[in-house]
Structure formats: structure tokens, C-alpha cells
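Shown below is the structure under consideration.
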4 protein chains.
Amino acid sequence: MAGNTFGELFRLTTFGESHGPAIGGVVDGCPPGIKLSEADIQPFLDKRRPGQSKFTTQRQEADQVKILSGVFEGKTTGTPIGLLIENTDQRSKDYGDIKDKFRPGHADYSYFAKYGQRDYRGGGRSSARETAVRVAGGAVAQKVLTHILGKAAKVRGALVQMGPIDIDYRNWSWAQIGKNPFFCPDAKAVQQWEAYLADIRKTGSSTGAVVEIQASGIPAGLGEPVFDRIDADIAKALMSIPAVKGVEIGEGFAAASLTGEENADEIRRGTDGQPEFLANHAGGTLGGISSGQDIIARFAVKPTSSILTPRKTVTTKIQNTDIITKGRHDPCVGIRAVPVGEAMMALVLTDHLLRHRAQNG
Amino acid sequence: MAGNTFGELFRLTTFGESHGPAIGGVVDGCPPGIKLSEADIQPFLDKRRPGQSKFTTQRQEADQVKILSGVFEGKTTGTPIGLLIENTDQRSKDYGDIKDKFRPGHADYSYFAKYGQRDYRGGGRSSARETAVRVAGGAVAQKVLTHILGKAAKVRGALVQMGPIDIDYRNWSWAQIGKNPFFCPDAKAVQQWEAYLADIRKTGSSTGAVVEIQASGIPAGLGEPVFDRIDADIAKALMSIPAVKGVEIGEGFAAASLTGEENADEIRRGTDGQPEFLANHAGGTLGGISSGQDIIARFAVKPTSSILTPRKTVTTKIQNTDIITKGRHDPCVGIRAVPVGEAMMALVLTDHLLRHRAQNG
Amino acid sequence: MAGNTFGELFRLTTFGESHGPAIGGVVDGCPPGIKLSEADIQPFLDKRRPGQSKFTTQRQEADQVKILSGVFEGKTTGTPIGLLIENTDQRSKDYGDIKDKFRPGHADYSYFAKYGQRDYRGGGRSSARETAVRVAGGAVAQKVLTHILGKAAKVRGALVQMGPIDIDYRNWSWAQIGKNPFFCPDAKAVQQWEAYLADIRKTGSSTGAVVEIQASGIPAGLGEPVFDRIDADIAKALMSIPAVKGVEIGEGFAAASLTGEENADEIRRGTDGQPEFLANHAGGTLGGISSGQDIIARFAVKPTSSILTPRKTVTTKIQNTDIITKGRHDPCVGIRAVPVGEAMMALVLTDHLLRHRAQNG
Amino acid sequence: MAGNTFGELFRLTTFGESHGPAIGGVVDGCPPGIKLSEADIQPFLDKRRPGQSKFTTQRQEADQVKILSGVFEGKTTGTPIGLLIENTDQRSKDYGDIKDKFRPGHADYSYFAKYGQRDYRGGGRSSARETAVRVAGGAVAQKVLTHILGKAAKVRGALVQMGPIDIDYRNWSWAQIGKNPFFCPDAKAVQQWEAYLADIRKTGSSTGAVVEIQASGIPAGLGEPVFDRIDADIAKALMSIPAVKGVEIGEGFAAASLTGEENADEIRRGTDGQPEFLANHAGGTLGGISSGQDIIARFAVKPTSSILTPRKTVTTKIQNTDIITKGRHDPCVGIRAVPVGEAMMALVLTDHLLRHRAQNG
């Protein structure tokens, strides 16, 4: 397994480079009989699409997805869904001067060490451009979740920290998220971030961020102990997003400082006769299996390494040199990571939903 | 895939419950011709073994491993290695009163929701007892790493935070780790932790912790983009350990607050003519592929939910009740998670080493 | 994936050598709530057990299976089922003289070429002894099939050809199979085979055979196009049995000589309102998906290569020599391949039943 | 795993229907640094392409393959290779009358039973059209084999039986294969087949066939016991080709009638100091591992079920009716199965070559 397939039963296989003719993928294992068209996928791609505000890269990509197979008369057939997105803005010249140098913080050197060569055009396969296909696959996953679980099943994300500035959770408003260029749920933080990021952008610098993904309406019982726990697969899914350096579930790293009394969520009989948790420190998973509570995960995104400040590096012949990464870059790649995180969460949940059905009928 | 197999090419499949007759596993894909005997595995199990200090559970388990196959005349043959550890101290009566109640913070309810039934004896499969087999498998992985990469290849772990008290990294001493019951690299922290944990233990409470795993001597080029990145697989591996709630690589969550200038590791030509990084904010991975630097990961362990304070919960018939979890519990499960974390890291690295050889010869 | 795991969702992982302390395996993915004990598995092992008639090897193995996990209070829990069979008759001395020679027709040379070494004791991992674990796993699979599909679901096998002598299908009687040492459904053929095999045995020779496996009560719709067709997975399953050289479904190789008119099974509305096929040339699969008809597969077993006639070979140092394979061998290994074939078919069907449920609910 | 991926380390994932806009696939795990362009793949597709003689379907498809990724500056990069073939001749009307009927011998009913619906246009996903992508993937595999093993590594196929008429192996000539429309290695058989097939075609009937695939220059040691034997994976690969009903290796079913003396291949020291087999009854595999001899496999192809004779069937509402399958069909689908069989063999061998390198360096 060379790494370009995600999932066991609901599987996304992707291909494509930043500056090749197209990127695309195959969704295999999709249940039959689900309404699906390009119009279901495009809105998700549009959220991730570059060039929508001054705070993201100015590369212009239509990111128009085409469904090549697996749908007939408006419904999925159960056969593989081929997805294709043509690259339209491949202005390669922008990247010409990095041909012979390894950009610090990028995958240039590690790819070269691995494969003995590399596609230097915009990072080739290591470019975050591949995440567009993840978003397309995640859109299909969302359709499956809704089809099987109903409308209550929702996967949503938000930016909760930019650089050193985090949101105030008491101000959380899902409605706010669509109203600012940051997917920020806290109107007050939006103002601070705007000022902060304008500054970062002006100096040609970049900043890190933290994204939170919440999944609600997910039944108890998903996850396969002992290795393919739902939290373990979420951790892999989110850590596989370019630039991500940490993942946590529920209390996450804060749990290290807690006592058992503070951390374990007590249970009561709910009004519907079902168990009801009195808190959600666990983030919706116990022993790696979903508990029926909201699943809550966060991931940290590092600042992009493409900055205007000259940096020390070596050439591909291992000679000392300096590099400035010009071009069209996101000052905070964490912003566009929000829809990607949603997609990865949707892929994990759909996969585990199908896995659960297999063993438990 | 029902979740009890880890790895693609170097694979560990495990079985067994806390109070069944035995736990065990199968290591498949081990290269042939490597010296291996029970004596190579036992020391790793002894590190994880309960009952070694007053700070871990008093359950007495010899944890004697038997190799049932895959080794002939002292060397691995390339065929699967069967591993068996008999359970000797299964004092089931300790757990009798949890038969009809879901312990808060444990997997009791989620397993019940998943499978419609559960083995309530000590948590059954959800007990951390299964991690003994991971440690045995990790010991084999360590042998493979050394065999292929030489003695420089090392995977080592330490406890770096207990409850709210973290270590001072400037005091780090690998030698110190074997001299205290906490796998702590900072002699000063040992004293603080002893006092803190004695208190926790006395009150029947518990505390969380953070573990750090370092892998050195690992070549550049390991990891399979885009989904099976080495960091993504490390995240999954560590998050799959019972009670883990967060994983980070290199700067981890701290990267969110950094700028590109602060975070990206610059490169110079080293004295050996190879690239040399001037820092390791990345934690040894770029674009999901190892860079040749030390791989550094941390994970947060929640406090065990088995505490003496009465807690609100429901019965299996969903009636309100209270529960006190008596028995023999670790006040800080993070301690014994150190050798488990080492094992999981060794399993990931060995798997990716073989995967790299497959594609790149 | 080093090859010792079979199945995707209902998976059997096996380990063990002919002359090691034990063989065993892990069944992962078994649905919960199914009654299971050693008594369900042992009868299947007894069918395969050596030493039951003068026509099979005289090696004495009790083949007593122990369930080590995954069953609680008499029912499967959904967690992995550990299986262990101790080797009791490991008379290694019998095999001492083959230590330095490659037996023609055996895996001695190919294993040596692959691994650079080999466990020469009775063929080590390449011995058909490993198939005992397949039979144990197949027994669990049969329980799952019955649990989900009801008693109509049956997997049964028979020997239909021994050496040049095949049965007369018009004499087929399932009842006859348990009454002779050959699993032969044709009482007349039994007599011929007895005479033929007595002769073969007397001269220290061996003979090939053909086994037929039939599965009834299997619903239409199992199999995953385009690669994991049910017939493709059956072909792999049966070809993976030691000494098997050919597999066919339905008409098999005879289909090559037929016309479309002769081969395609016509359909009528049955009395139950469901489609009813007027013939079963297809062997129960169309386009790689089960059609609801009986699934019928046959496989050819070569004569064992362990014979008393001296044969030309080379030593492990590649010097010319001769070899006679003494010891306790089956003159017709095809006989004991019958329960192994049943087991493999049951494993494939159970796996695909779970896979179907995953995608189609 | 929903069945549209083949291979473990060298993996082909395919998508696409007979009458959709395009078919395509992703090759993942290809080693880097191998020269590759469309011109390397196209000749293989041209061999399989319909409409090249009066003996194959008259559907006109250019079958022009486009490489969308994974190749840079003329060489593979190690990243996934996206492949696309547009469907140009989708004359759907030809198939309109089968919309509401299940064609006997086709997958119409079994797909309907599986998915609850079907793409009736030309069989949709069950059409042999998908094999074009297998051929494209196989072409890449052939490049890898040659790159790693040298020019001696060859995978070649031939039609060895058409209807009841088989070839005379003594007349075998590889050169002859390119000179007739049947991939027939025996000039004499060509004449007989021409007459036979002309007759079949005239009456709107169809006939079965047998294909033989030979692989030479393959080193000893490939294959993963005990389940992923090279012969087991070949069996699966060939049986997964549409219309295949049987697979055999070496002596195949004929081995059932042989004695151990006749069947086991003796060994001598060769002039190069390596073991040399005195015969190849085994077909190049011992214990499921390649022996270094030529690997020889055969598979039986049933006659296509699309014939002009009216056949009994039912409608999708399960009412009795008759059907005649007009349209553009191959009177002997076995012919075009030759390049598909070559492709599947190449895929298996490449996958196992990489798997072998992983474990054995």
C-alpha cells in the first residue's frame, strides 16, 4: 500500500500533482441508491477553493469536479465513483527558482531522499492541492452519512485559534462561520484575526492555527478495537492533512493535568430512557468506540514555510545557499484546512459506519 | 478488517482479554535471519509489567512470553511469529460488582452499544492488558530496526509530565530513566512526582500524564504520501493506546502560535556532505516523510477512570445508580504507557522501513 | 502483508510449523452473540485429522483446539478469537535426512531461495499441517453462516476423482460421504479407489485427486466487482491449499468447448415469484456475484511428492544427489484436502457476506 | 474494500462503466525513476482494442490512454499514476431493449440482486470494457518488471483452445502469435479456427476458449505463504477476468491423474551452479513460491452469452419473457482475453516482486 488510499470499506484513492493536467480520485464502497451529482460536491470544493479572499493564495482554480462513473440516473450504483478536477492555473514559472533548492519546512528534501527525484513544480504531489480531492471525497461521505443516519448527522469545522489568539468558546455561533473569511465561530475573534493576519501578510510572513471539527448525530458503537479505534483513525486522518502537527480528542492534552474525578464523564438515565452523559470531556469516544456524544477533535496547523524572509538551505547538490519563497501563498494555511478537516472526519465516520454494519448487521 | 491488526507489511495481530486464559498475537512479515528468542522480548515486557512499584497496579502477572513459531535454530525464518502470554492472576471476583453497571470514563457502555454484550471481567478486551502483546511485538520490531539500520537506530520513551507538573528539558538524562519508577528523565521532577502521586494514590484518585517518544538513527525517506504519512501513522499508533487523548509531533500544538520564520528548520551542508538541519521544530518529518532527524512525538494520557470516589452512572438496564471502582488500579496509567508508546513507535517505523524497501529497492 | 491472513472483514491469521510446539490462529471480525465452543470446532478438525485410516499418514495428532479469547459465557463477543492447537507428535528424527537436500516437488528449494534458510523439520511452515488451523477457522465461519443465513446455508465437499478414476455423478449421495475413508459420494467408486490406492500405497507411490465443494443456501448478491469477485476469491482460497494446481467453477474448463446456447443458464419465474434458473452451468456466480444458485467449485490436487522411489535432486550446496522420502505420508493428499476445501469456501462466503452487509446494509 | 483495487504494494484501482464518459484508474506504488509515457501503454491497449478484425466486436473505441499524474520529465516519480480513457462510441440505443430484462449468462440479475438497481447500458460496470484499464495498468507493470529484472523478464499469452479445437503444442511459435487475429501460436490451428469461428459468427452464436499465459525470467522466491501464494494470487487474478470459469497452473487438472513419480520435477546442478529442473510439471511454483522456472497458467473463458438465439428469461419485475441479444458482440471473447490475461499476470508478478523486496531486502 503506497499510501494514496484512505479507508477500508469506504475508500478514497487519490492522484495528481500541483502542476499536472488534473487531480482526481476514486471513491469505492459507496452504498447504492444515494442521490448524487456534481452539485452535491461543488459547494464543499468552493469552501476550500483558493483566491476567495485576500487572506488566501491568489492562485485561481475553478476546482470544477466531474463525476466520471458510479452514478446512473442521478443515483449511486454501488460501483466506484471516478472524480476529476482539471488544473487550470498552473503558472509554473512562479516556482522555477526552487527547482534546485530544498525549501526549509517543505517536503522538498524528504521527497528527494525518498524517491531520488522530485516534481519541483509547486511541490508536485506534496502540494496541498491534493486536498481538493479529499474534499470531494468527503462530500460524498457526507451524503452517505445523511442517507444512513438522517439529517441529524453533521460534520462541521471551525478555526478556533490563529497564531497566539484563540476564540472565546462562550461566543461560539455556527451561523457566524459562514460570515467571515476564517471559518471563525466567534465574531469578536474575527476582528482580532483580521488585524493580526493583515500584519503577517504584509511582512510576507505566515502563522499557525488550530482547527476544531465536531461531528454530531453519530450513533454509539462505531470504532474497531484495539488498533482501528475511532479516535485513532481520526488522529491519522487529521494528521495526514498537510502541515498538521498535532491532534487531540475531547480534553486532549489538557487531560494530562486532570484527575479522574474531573475527567470521567458521569452518566444518567436520559428522558428517552437512554444513557445521557453529564459532560463530554471524552470528546465522544470511550475505549476507541463512539459513545453517541458529539465527537470533538482539534488539530494544530503549522505556519506555511513559504515566506519572503531569506532562509538558509542547500541546493540539490548539497551546497549552502539562501532561498526566498515568492509566489502565491496562504499566510495562514489553517484557514483552508477547515473544509479539509471536515472531509477527513466525514471519511472516517462513513468508513466506520460501514465497518460496523459488516460485523453487527 | 476488524481492527486487531496493526501495520501493512510488518503486522501485529493480537487477541485476548483481561481475564481469559491467555493473550497473544502474531507478528507477520518479519525478515528472515534475525536472531530472536524469548530473552529478547522479556525485558520489554518486564518494563510494562504491573506490580513493580507502589505506583502501579498490584495485579501480579509474570507476563512470560512464549514464541510458538517463526524462529528456528535461534533465527527468524520469515514465517509468522506466534506469541503467547498466559494470564495467571485473574482474580475475577474483584470485578464482580461492575457486572451490571457502566463505569464512567471506561469503555463499558460503548462496547455494550457496539456488540450488544460485553465481557465485564476487568474490562475484557478493552482492558489495557492487551498492550502487553503490543510490547512483545514492539520488541521484535526493535530487533528488526537494529538488524537493518544498525545500533544507531533507537526508540526510547520518557514521561515528561505528570498531572500539572512537567519536566525541565534542560535536565534530560536518558540514564535517569531507569533509576526511578516513572521513566522520568529529570531527577528533580522525580521528587515532585513522588510526592504528588503519593497524594493521589492515598485519596484513591488518579492523574493524567504526557509521554514523549524519540526515535533516532532513522533514515530520511520513510513514510508514504499522501495518507500513510509517517506522522499520520504515528498519530494513529499512539492514539490507539488505551486512555490516550492527544498526539503531537515536533512543535505540535505549539506550532499554531509560531510564524514561518520561527517554525521552519533551516538547512546547511553538514560535515559529512549531507544536509543538516539547524533545528528540529518539525520533529523529524517533512511532508509526512522522515527527514533523517530524530522523530519526536508526544501523547497525552488521561487519568484512569477507576477511582474510589462514588460516581453517577446507570446500570445495563439504564437505571440510575452510583459506582465506586475498587480493585487494583494504576493511579497514573501514563507511567506504564511509556513502554507501550515505544512499542507502537517501533512497529510504525519497522513497517515503513519495509514499505520503503518495497517501492525503492 | 506477508501472506498469513485470509479475508478482509472475516479474517483468519495463522501461524505455526509442522514441528514447532503449536500451531494456531486468530479469527477477527466474527459477529457477536453467536454460540461457540471448542465442541463446535473439533468435529471439523477430526475430519481432517491424520491417522484415521490406513489411507492417510500415520502421524498421530490429537488436534485438540483451544479457544483462548473472543468467547464469553458461551457466545462470541465480537473480539478476536484466539485458537491454539498443540503439536504432540513431532517425531523430528523422521525428517533428519532431508535436512541438506531439496525434495523434488516440495517447497524446500523455493523457501530456501526466498528466505535464505528454511525450517527443514517436516517442511516447517510449508507443511500441510498449517491447514488444521484453516479448518478450525472454517468451522467458526460455518457457525456464522448458519447464524446469519439459517440452516439452509451449507458448505459441503466430496472427492470426485482419484488418480484417473472419477465418480459417476448419477450415483451422488451425501449420506455415502461419511461412510468411507475417501469422502466419496459414489459407493461404486469407493471400491475402485480402495483397490487403486492400496496399490499406490504398497509401491510407496502417490496419486492426485479432484475435490468438489458445494455451497447451498447462499443468497444472490455476494461478491465485489471487479477484482474481488466471489469466484475470484474462491479461486484464490482453493488454490492456496497446499498441492492444489487448478480450480474451476461450474462448467469450468469444459465451458471452453461450449457454445453460448449450451452454456448460459435460462431463467423463469419460480413458484415463489423469484427468478429460477433452468440449469447451473455457471456454478452459482454471474459477473463474479452469487446468483442464489448453488455455488459449485472443483480443485485438482497433485500427488504428494513424498514417495519411496529414489529421485534426482541437489543438496543445499547444489551438489547432485538422490533422495527417498521415507516417513509418514498420505498416498493421496486429496482426501484430507476435502475438509480444508470446505473450510476455505466457508471463509470466503462469510467474508463476502459481511462485506455485502457493509455496503448494502 | 469494495473490490475495485488489485494488488497490495503495486496496486491498480479502476473505475468506469461501458457507457459512461470515461474509464480510468490509479496505479499506486510504482517505483520511481522508470521511463514511462503513453507510448509505452498504448500498444497493449491496441492489442485488446475492439473492432480490429471481423472476429471481434465492431464497437469502435480509440482507447487512447492519458497519463494524468505520477510521471515527470518522462520518468515515474513514485507517486500515483492517474490513467484516463475516454469512451467515444457509446451507442446506447443498441442496448435499450435489455433495460427491463435480465440477459441469461450475464451479470444483469446478480448486479440487480446485489445493488437493488443496475446501469443497464451495455452492462455498466459488469461490461468487459473495464478490462481496458487492467491492460493499461498491466503495461505499467511490465515496465517495472523489465526495469527491475531486465529484459529476460517477459509475460506473454496465447490462445491455445477455441471451442473444441486445441492447438498442437509442438507447433508453438511465438512469432506466429502476431500474425493472426487469434493470438494463436500454431499456424495450423489458425486455419481450423477461422473456419470454425466464421460458422459461429454467421449463426449469431458464440464459443468458449482457453488462454495460456507464460512468464519467464522470474526469479525464485516470489510469493507469500500461506495464503498469498503466487499461484493463489494468479488464480484470483485470472479468475477475476470477465467470463473466466477455470484456472490452472502447470499440469493443472491433469495432475489429478498423475503419480508422484510422474509429477514431481527432478533437480540437477545446472551449468551455472544453480539448481536446474528436469521438467516443469509444477508450472514454476512450489509451495506457492516461484521456483525460477517459467510460470505457466491457463484459464478457460466461457462463450459470451450475447447470442442471437432467443432465450428464456424474466423481466426486472420477474415476469417470463424471451430475449435476443443484438448489438456488437465478440463471437469468442477468449481472443481479447489474451492481453487481459497478460496484464493480470504482470500485475501479480510486479506486486509480489515488491512484496518480496519488502521482507527480504
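Every residue gets a Cβ built from N, Cα and C, even glycine.
The following feature annotations were taken from TrEMBL:
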- A:R48, A:K54: NADP(+) binding site (BINDING)
- A:R125, A:S126, A:S127, A:G287, A:K302, A:P303, A:T304, A:S305, A:S306, A:R328: FMN binding site (BINDING)
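Can you tell me where each of these features sits in this structure?
Taking all protein chains in view, 25 other C-beta atoms sit within 10 angstroms of the C-beta of A:R48 (NADP(+) binding site). The secondary structure of A:R48 (NADP(+) binding site), as reduced to three states from DSSP, is helical.
For A:T304 (FMN binding site), the number of other Cβ atoms no farther than 10 Å from its own Cβ, over all displayed protein chains, is 26.
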Which binding-site residues (A:R48, A:K54, A:R125, A:S127, A:S306) come close to chain D, taking a Cβ gap under 8 Å as close?
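Near chain D, the qualifying binding-site residues are A:R125.
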Where A:S306 (FMN binding site) and A:K54 (NADP(+) binding site) are concerned, what is their Cα separation in Å, rounded?
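If we compare the Cα positions of A:S306 (FMN binding site) and A:K54 (NADP(+) binding site), the gap is 16 Å.
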What is the separation, in Å, between the Cα atoms of A:R48 (NADP(+) binding site) and A:K302 (FMN binding site)?
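On Cα coordinates alone, these residues lie 18 Å apart.
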Provide the list of binding-site residues among A:R48, A:K54, A:R125, A:K302, A:T304 whose C-beta sits under 8 Å from chain B at the C-beta level, in sequence order; use 'none' for an empty result.
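It is A:R125, A:K302, A:T304, listed by sequence.
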Roughly how many Å lie between the Cα atoms of A:T304 (FMN binding site) and A:K54 (NADP(+) binding site), rounded to a whole value?
16
Around A:K302 (FMN binding site), how many other CB atoms lie within 10 A of its CB?
31
Return the count of C-beta atoms lying within 10 angstroms of the C-beta of A:S127 (FMN binding site), excluding that atom itself.
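There are 22 of them.
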Which one of these binding-site residues has the most other Cβ atoms within 10 Å of its own Cβ: A:K54, A:R125?
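When each Cβ's neighbours within 10 Å are tallied, A:R125 leads.
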Roughly how many Å separate the Cα of A:S127 (FMN binding site) from that of A:K54 (NADP(+) binding site), to the nearest whole number?
20
Can you count the other CB atoms that lie within 10 A of the CB of A:S306 (FMN binding site)?
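There are 26 such Cβ atoms around A:S306 (FMN binding site).
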By the DSSP assignment reduced to helix, strand and coil, which category contains A:R125 (FMN binding site)?
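Where A:R125 (FMN binding site) sits, the three-state DSSP reduction gives helix.
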Give me the Cα-Cα distance between A:K302 (FMN binding site) and A:K54 (NADP(+) binding site), rounded to a whole Å.
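The Cα atom of A:K302 (FMN binding site) is 20 Å away from the Cα atom of A:K54 (NADP(+) binding site).
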